[in-house]
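Taken from Swiss-Prot as is:
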MOD_RES   S12  phosphoserine
MOD_RES   S16  phosphoserine
SITE      K57  site 'Interacts with TELO2'
SITE      K64  site 'Interacts with TELO2'
SITE      K113  site 'Interacts with TELO2'
MOD_RES   S173  phosphoserine
Amino acid sequence: MADSTFLAPELSDTESMGEETVRFQELLLKASKELQQAQTARPDSTQIQPKPGFCVKTNSSEGKVFINICHSPSIPPPADVTEDELLQMLEEDQAGFRIPMSLGEPHAELDAKGQGCTAYDVAVNSNFYLRMQNSDFLRELVVTIAREGLEDKYGLQLNPEWRMLKYRSFLGSISQQNIRSQQRPRIQELGTLDASGSLGTCHGPERPHLNLWLEAPDLLLAEVDLPKLDGAQGLALEIGENRLVIGGPQQLYHLDATVPLRINSEASRAAFHRRRKQLMVSMPLLTASS
């Protein structure tokens, strides 16, 4: 990842940019206003009733904890990647794969022995749940992500060891949950700009299609289409505080995009999706006080 001081040419000088580049910047700045409004506005929500799936038991310093893994078609599915592709991402500590899930509030329950315990309901997409039923790998991954999500959200410290209940699909009663009913607006599909006026020439590197969207108020995601590549070998990625630079092997691709948001380059991660031939970039955003 590049330091922002390394990526600091004077892109603000419109006299040094071509007409297409200026249009490129104007589209981004216009979309930035929509994003800022989305960050400050309270998102619309809808109420869902998750369906039971399976229940796992673990514990914290305060006693037994049960996690009801539930599902709902209203939860968006994760990206369609194979287990081999996902395993490669995890082995390389990449953050190109996310499992959308809804983390419910804690509710007090009684276990099989009549002793007090705490239960949490965690909902994932119904179609993804069906896929997870046939995969021990996905099941363990979902439980791990759910446990870590509950720890972050509620300040818990849960035992990473857990076991799945054999004869109960949930503990207690599964409550309704509120989820965002609208996706946040995409910034801009930058690849829709006229390719004939792209930053390169017909004999130079191709500028790939770039898609950006705000996944959460503090997380910007990018997808870069690289159909001529079979993997990440030779691919160069540099991320500054407000800039994304990508270079391909044999000078096949070059992208130099200014983003009207402040990126935490140190925490950014990327993964190459072999089947879709896309580079997926996860970029946490800096707060105003950073």
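Backbone N, Cα and C define each Cβ position, glycine as well.
On a Cα basis, K57 (site 'Interacts with TELO2') lies 14 Å away from K113 (site 'Interacts with TELO2').
K64 (site 'Interacts with TELO2') falls within a strand when secondary structure is assigned with DSSP. Other Cβ atoms within 10 Å of the Cβ of K64 (site 'Interacts with TELO2') number 17 in total over all chains. On a Cα basis, K57 (site 'Interacts with TELO2') lies 16 Å away from S173 (phosphoserine). Annotation for K57 (site 'Interacts with TELO2'): same-chain Cβ neighbours under 8 Å, separated by at least 6 residues, are K64, V65, F66, W162, R163, M164, L165.
Annotation note: K57 (site 'Interacts with TELO2') sits in a strand segment as assigned by DSSP.
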